[in-house]
């Protein structure tokens, strides 16, 4: 089993960007924890971060046939990107949407997700653990 892990805009700034909201772990820390969990589960992951909406769409489109599922934190694109939503729908792979913070308990403009209707589930509000819970969720879903 191989899972594509996608990190959206500004996640490269984790550890220094608003740690009171997003925590003190860096993206490298999160990727290392995901890699360890993947090893424990006996699966492969490939992690990719970009600040570009188009590059995220390209990676999602190229995932079909190469990956069994997608774990995605679309970050700010959650609330704006119909293009990412449509790419996930077209890829026809199971996807889990994750967020470090609880997007439903933040500013009103952050509460709507264009991605969630295309995902098998959404996990948010657990900091870096949202990613680990998301990886376990997609693993269990595909394994069924």
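For all residues, glycine too, the Cβ spot is worked out from N, Cα and C.
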Problem - Which of 79, 141 belongs with 73, 86, 100, 101, 110 in the substrate site listed by Swiss-Prot - result: 79
Fill in the blank from the handout: Rounded Cα distance, in Å, between residue 110 (substrate binding site) and residue 99 (active site, proton donor) is 11
Fill in the blank from the handout: Pairwise CA distances across 73, 79, 86, 100, 101, 110 (listed as binding substrate) top out, in Å, at 24
